[in-house]
Amino acid sequence: MADAYVALEGDRVIEARARAPGTTRGEVVFTTAYTGYEESLTDPSYEEQILTFSYPLIGNYGVREERFEDDRVHPRGVVARELTDDVAEWLESEGVPAVDHLDTRDIVTEIRDEGAMKCGIAAGPDATKQDALDELHDCKHMSDHVDIGAQVSVDSVETYNEDGDGATVALVDCGAKGSIMDSLVERDAVVHVFPYDASEGDVAAVDPDLLFISNGPGDPENFGQAGELVETYVGDVPLAGICLGQQVVANALGGETEKMEFGHRGVNQPVRDLRTNKVVMTTQNHGYTVADPGDDLDVTQVNVNDDTPEGLENDDLGIITRQYHPEANPGPHDSLGFFDDVLAMAEE
Ligand SMILES: NC(=O)CC[C@H](N)C(=O)O
C-alpha cells in the first residue's frame, strides 16, 4: 500500500513508497546520470528542486563523504525507482523526503512533454494525497526564489591555499561545488571565496588575477550583484564562469538568459568546440540557458543535441565561461583543461 504521494502540476498524484518521511515541494527535474548520486545530491545548484533519477537504482556503491560537493543535501526531495537503504538513511538523517517504487519513466516523460514543473511530495505513515497537493499548491516558480543566493553562499570570505604560488582567484560563491575550489587549488591558485553579494570593495581588497563566478541554483537574474562585479572588472582582470557563472557573465555583458523546457542534467551531454570541431562528453545540471550572448562574447562551444551555447569566450578581454561542469564531479574528465586555460589567462 502506498505511503507516499507525488503531486505534479495539473493535480495529478502518483503513489509511491516513503523512503525518507516528510512533506516537501520544489521544481521537479530529472537527471539521466547513472553514477554520481552523492555529488548530485550535495550540489547547491539543486536548491529548491526535487531531483528525479531516471537511472533505476540509486545508492548501489554506498554513501561516502569524500564524494560530497557541500556539507548538506540540496534538493528539497528525491525520487527514484529504487533507493538503497544507505541513501534512504542518509536522506532521512538530512531531513530530505525521498520516495521510490514508482514509475520514474512516467515522470520523466511528463517533464519532457510539459517542461520542468512544480511538485509536492508527502511521505510517511500519515501522508495523504491532499498533503502532497497542498505542497504543490504552495510551490513557487524557480525564478521567484529571489533570495536563493543567501541560502547557498558563504556568509563571509573564506581563503583556500593562502600560501600558494599560483594566480589569485576571487571566486564569487553563488552556490559553488567544492570540486571547483579543489580544481583551482590543485593548480596552486590562491582562492578567495566571496559571498554571492560581495561588493567591489570586498573583492578589490585581494587584488585578484581572475574573477570567477561559480555555479548556483535558480534564475541567474537573481544574482545581480555578481553581475555588477563582472561589469566592474571586465577588461581589467580575466573572467571565468561555470554554469550559472556563464549565465551571469552573459547577462552582465548585454546578453540574455531564458528558461529551458526541461534543461540538461546528466553525465553524457555532448559538446562541440566550434574552433576545433572536437566533441567532448560533459556533466551538466542546468535549467536556464544563454539565449543571446550579447556583442562582447562569442559562442565557441555548442550542445550537439540542441545547439544551445556551452562555451562563451572573448580572447581580447580574457573571458572563458562554460555552461557545463568542467570540474567533472561526477562525470567524464574530458574538459578539466578549462582550469588550466583560465589560470593561464590569469597568469599572463
Ligand atoms: N549548475 C548550475 O549552475 C545551474 C545554473 C542555473 N541555476 C540553471 O538552472 O540553469
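Residue numbering: from 1, along the chain as shown.
Backbone N, Cα and C atoms are what each Cβ position is placed from, and that goes for glycine too.
Curation plays no part in TrEMBL annotations; they are all automatic predictions.
Per TrEMBL, the features are as follows:
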- 1-167: region 'CPSase' (REGION)
- 2-122: domain 'Carbamoyl-phosphate synthase small subunit N-terminal' (DOMAIN)
- SER45, GLY216, GLY218, LEU244, GLN247, ASN285, GLY287, TYR288: L-glutamine binding site (BINDING)
- CYS243: active site, nucleophile (ACT_SITE)
- HIS325: active site (ACT_SITE)
- GLU327: active site (ACT_SITE)
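Neighbours of the L-glutamine site: apart from SER45, GLY216, GLY218, LEU244, GLN247, ASN285, GLY287, TYR288, residues of the same chain with C-beta atoms within 8 angstroms of the site's C-beta centroid are ASN215, PRO217, ASP219, PRO220, CYS243, HIS286. In space, CYS243 is the closest of the active-site residues CYS243, HIS325, GLU327 to TYR288 (L-glutamine binding site), judged by Cα positions. Comparing Cα positions, SER45 (L-glutamine binding site) lies closest to CYS243 out of the active-site residues CYS243, HIS325, GLU327. Note: the Cα of GLY218 (L-glutamine binding site) and the Cα of CYS243 (active site, nucleophile) are spaced 11 Å from each other. DSSP assigns LEU244 (L-glutamine binding site) to a helical segment in the three-state reduction.
For GLY218 (L-glutamine binding site), the count of additional Cβ atoms within 10 Å of its Cβ stands at 28 [all protein chains shown].
Taking the C-alpha positions, the distance from HIS325 (active site) to GLY216 (L-glutamine binding site) comes to 11 Å. Proximity of GLY216 (L-glutamine binding site) to non-local residues of its own chain (separation of 6 or more, Cβ distance below 8 Å) is seen for PRO44, SER45, ILE148, GLY149, VAL152, SER153, CYS174, GLY175, ALA176, TYR196, PHE223, CYS243, LEU244, GLY245, given in sequence order.
Nearest in space to GLU327 (active site), taking C-alpha to C-alpha distance over the binding-site residues GLN247, ASN285, GLY287, is ASN285.
Over all protein chains present, the Cβ of SER45 (L-glutamine binding site) has 27 other Cβ atoms lying within 10 Å. The Cβ of GLY287 (L-glutamine binding site) lies under 8 Å from the Cβ of GLU27, VAL29, ALA116, MET142, LYS259, MET260, PHE262, GLY263, each of which sits 6+ residues away along the same chain.
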